[in-house]
Amino acid sequence: MSQDSVKSLQSTFKTVGVVGRPRNDSTLQMHKNIFHWLCEQGYQVLVENEIGKALNLSENHLASLDQIGQHAQLAIVIGGDGNMLSHARILCKYNTPLIGINRGNLGFLTDIDPKNAYAQLEACLNGEFFVEERFLLEAVVKRHGETVARGNAINELVIHPAKIAHMIDFHVYIDDKFAFSQRSDGLIVATPTGSTAYSLSAGGPILTPQLNAIALVPMFPHTLSSRPLVVDGNSKISVNFAEYNIPQLEISCDSQLALDICCNDVVHIQKSPYKLRLLHLHNYNYYNVLSSKLGWLKKLF
């Protein structure tokens, strides 16, 4: 994004949304502090309904997530990566840029350190940022040719049995060409953003955020030859299932939304039309994030 584009975006920051799911008093207090700080800076502030009510804010500051998407030019997510994922899946439909204050564990998507939150937010609101766009995946479940379920994911889509410790048999097609069959606990289909999440735990590769690629990672395959597969990001992936599988299957979207699948269904996966727009401060370095979050060694010399 050019500097002129950054200035143009920054100049639109009139209404700012504050969202999250505080699990303790200290996180709720941070929502309150950020709200009052933004008001002091002259911004119109919308706070997610549940949080605003907990803070006893007036009605004109309360809004649903969809209303924040419709009216805010920036949303601040206070929480961990899970909070970012759940809010971003909705806000990306409105092309709302997001920046996160990390109150979770890893914080791959929430850059701002809570100890320096005000200085870093001030820098962001003054235009000292760049925009990074990341693509989402869309899953469509077809039954006898009709769409019966649909969902988006920022990290990954996971096909798995609804019951624990059951294997399933399925075929995978890439762009209508047969790719492979598999007997396993399931299949992870991950974006570059999700390559450092569940996919990584299953032995998948790390994909840098700007790669136009999708990772297909088997879950406990019943073969020694199965390996993760990286395909072009514009690929259309289809999965169908053996009729003798257990009747209850699911596709999980970011481990937050589950779609039911029957054995005679076909799951179609491709890029979503929506994009996640993350704001990063100028000193953001993806490789530094990997090193600090994953415990990589520092330079030896």
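Just so it is clear, glycine is given a Cβ too, placed from its N, Cα and C backbone atoms.
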Residue from Gln256, Gln270 that Swiss-Prot also lists as binding NAD(+) with Asp81, Gly82, Asn155, Glu156, His166, Arg183, Asp185, Thr196, Ala197, Tyr198, Ser199, Leu200, Ser201: Gln256
Extent of the NAD(+) binding site in Å [max Cα distance among Asp81, Gly82, Asn155, Glu156, His166, Arg183, Asp185, Thr196, Ala197, Tyr198, Ser199, Leu200, Ser201, Gln256]: 31
Candidate with the highest Cβ count within 10 Å, taken from the binding-site residues Asp81, Asp185: Asp81
Other CB atoms, at most 10 A from the CB of Ser199 (NAD(+) binding site): 26
Densest Cβ neighbourhood among Asn155, His166 (binding-site residues), 10 Å radius: Asn155
DSSP-derived structure type at Asn155 (NAD(+) binding site), helix or strand or else coil: coil
